[in-house]
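*Asks:* Take a look at what Swiss-Prot says about it:
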DISULFID  C102-C194  disulfide bond
CARBOHYD  N10  N-linked glycosylation site
CARBOHYD  N191  N-linked glycosylation site
TOPO_DOM  1-30  topological domain 'Extracellular'
TOPO_DOM  52-59  topological domain 'Cytoplasmic'
TOPO_DOM  81-104  topological domain 'Extracellular'
TOPO_DOM  126-144  topological domain 'Cytoplasmic'
TOPO_DOM  166-202  topological domain 'Extracellular'
TOPO_DOM  223-242  topological domain 'Cytoplasmic'
TOPO_DOM  264-276  topological domain 'Extracellular'
TOPO_DOM  298-325  topological domain 'Cytoplasmic'
TRANSMEM  31-51  transmembrane segment
TRANSMEM  60-80  transmembrane segment
TRANSMEM  105-125  transmembrane segment
TRANSMEM  145-165  transmembrane segment
TRANSMEM  203-222  transmembrane segment
TRANSMEM  243-263  transmembrane segment
TRANSMEM  277-297  transmembrane segment
Amino acid sequence: MTTIILEVDNHTVTTRFILLGFPTRPAFQLLFFSIFLATYLLTLLENLLIILAIHSDGQLHKPMYFFLSHLSFLEMWYVTVISPKMLVDFLSHDKSISFNGCMTQLYFFVTFVCTEYILLAIMAFDRYVAICNPLRYPVIMTNQLCGTLAGGCWFCGLMTAMIKMVFIAQLHYCGMPQINHYFCDISPLLNVSCEDASQAEMVDFFLALMVIAIPLCVVVASYAAILATILRIPSAQGRQKAFSTCASHLTVVILFYSMTLFTYARPKLMYAYNSNKVVSVLYTVIVPLLNPIIYCLRNHEVKAALRKTIHCRGSGPQGNGAFSS
């Protein structure tokens with residue numbers, strides 16, 4: 001492997017990073033490769049099936065499932081940004097990544113994480129309108145509003161990532177830095193910079209606070225109102241039916257927010273311990289795998305649509321209804 005070092009303004013600037021990943025014996029590397037490859041392929045398959053089921057079943061042409069299809073699409077790319085490079089590193093002695101490759105991976109990772117935070121908040125708002133204002137739900141959650149909200153999620157994610165990258169990509173990294181992680185993330189990159197990264201840290205902290213705190217407040221406020229509404233329902237069966245419509249989303253929210261908040265609680269110090277890599281695996285690999293399963297287990301409409309989709313794909317083309325509100 002050839003290392004290219006450039007001298008710019010009295011700084012030694014590297015063009016490559018070393019991802020330390022999960023240093024273990026070769027036999028365990030092969031085992032990890034097999035496990036993570038199976039997890040990656042299964043995640044892609046699950047989310048693709050959900051997208052196909054929502055697209056092909058007219059009964060799922062509702063705002064709730066429109067946002068769910070965006071979540072599935074997002075998570076397919078979310079894992080694709082990280083998993084392929086991680087899988088290659090399990091089998092290769094060369095665990096380096098180019099500067100441009102690292103910045104590209106970081107940009108899309110931040111984009112998808114920020115987009116998911118906002119999307120989960122919008123899905124919580126959708127459940128709030130459906131349960132607390134059921135009569136006005138079709139009037140409020142129109143196709144136009146849903147499209148605008150979904151587009152806004154992606155726009156905010158892209159812009160947040162772009163602003164962060166402007167500051168992080170300008171930092172100098174000396175020699176060939178070793179990143180104590182299995183992918184390029186913000187905190188480990190800030191830790192290996194050979195110049196003062198306080199400005200980039202402050203921008204990252206402020207934007208992270210905005211992207212995490214505001215959606216979290218929306219989620220908490222939405223579910224507080226939902227809970228208050230459910231408790232006022234007189235019958236136990238009615239309460240159970242109302243809660244079942246948002247149980248899947250609430251489970252996904254708790255999983256994603258708890259993992260990411262735990263990981264990024266102390267960004268400057270979090271990579272001092274390898275245990276944080278395990279937590280990162282949970283929200284970058286395991287949570288995207290579990291999300292489709294959670295929605296299938298707790299949502300009878302999704303389960304029925306998936307059965308129909310699998311049956312149709314296996315037995316040949318079937319007629320599908322047109323999209324409706």
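Even glycines carry a Cβ here, placed using N, Cα and C.
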*Asks:* If contact means at least 3 Cβ pairs within less than 8 Å, sequence distance 6 or more, would you call the transmembrane segment (60-80) and the transmembrane segment (145-165) in contact?
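*Replies:* Contact between the transmembrane segment (145-165) and the transmembrane segment (60-80): present, because at least 3 Cβ pairs are under 8 Å.
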*Asks:* In whole Å, note down how far the CA of N191 (N-linked glycosylation site) lies from the CA of C102 (disulfide bond).
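*Replies:* Cα-Cα, rounded: 15 Å.
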*Asks:* So of C102, C194, which of the disulfide-bonded residues has the fewest other Cβ atoms within 10 Å around its own Cβ?
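*Replies:* Fewest other Cβ atoms within 10 Å, among the disulfide-bonded residues C102, C194, is found for C194.
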*Asks:* Provide the three-state secondary structure of N191 (N-linked glycosylation site) computed with DSSP.
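*Replies:* Note: N191 (N-linked glycosylation site) is helical by DSSP.
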*Asks:* With an 8 Å cut-off on Cβ pairs and a sequence gap of 6 or more, do the transmembrane segment (31-51) and the transmembrane segment (243-263) reach 3 or more such pairs?
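*Replies:* Touching, no - the transmembrane segment (31-51) and the transmembrane segment (243-263) miss the threshold of 3 or more Cβ pairs under 8 Å.
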*Asks:* By a simple count, how many Cβ atoms lie within 10 Å of the Cβ of N191 (N-linked glycosylation site), its own Cβ left out?
*Replies:* 18
*Asks:* Mean pLDDT, the topological domain 'Extracellular' (166-202)?
*Replies:* 87
*Asks:* Taking the transmembrane segment (145-165) as reference, which of 105-125, 203-222, 243-263, 277-297 has the most Cβ pairs under 8 angstroms?
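*Replies:* Looking only at 105-125, 203-222, 243-263, 277-297, the most contacts with the transmembrane segment (145-165) come from 105-125.
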*Asks:* By DSSP, how many residues in the topological domain 'Cytoplasmic' (52-59) are helix, how many strand, and how many coil?
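*Replies:* The composition, in the requested order, is 7 helix, 0 strand, 1 coil.
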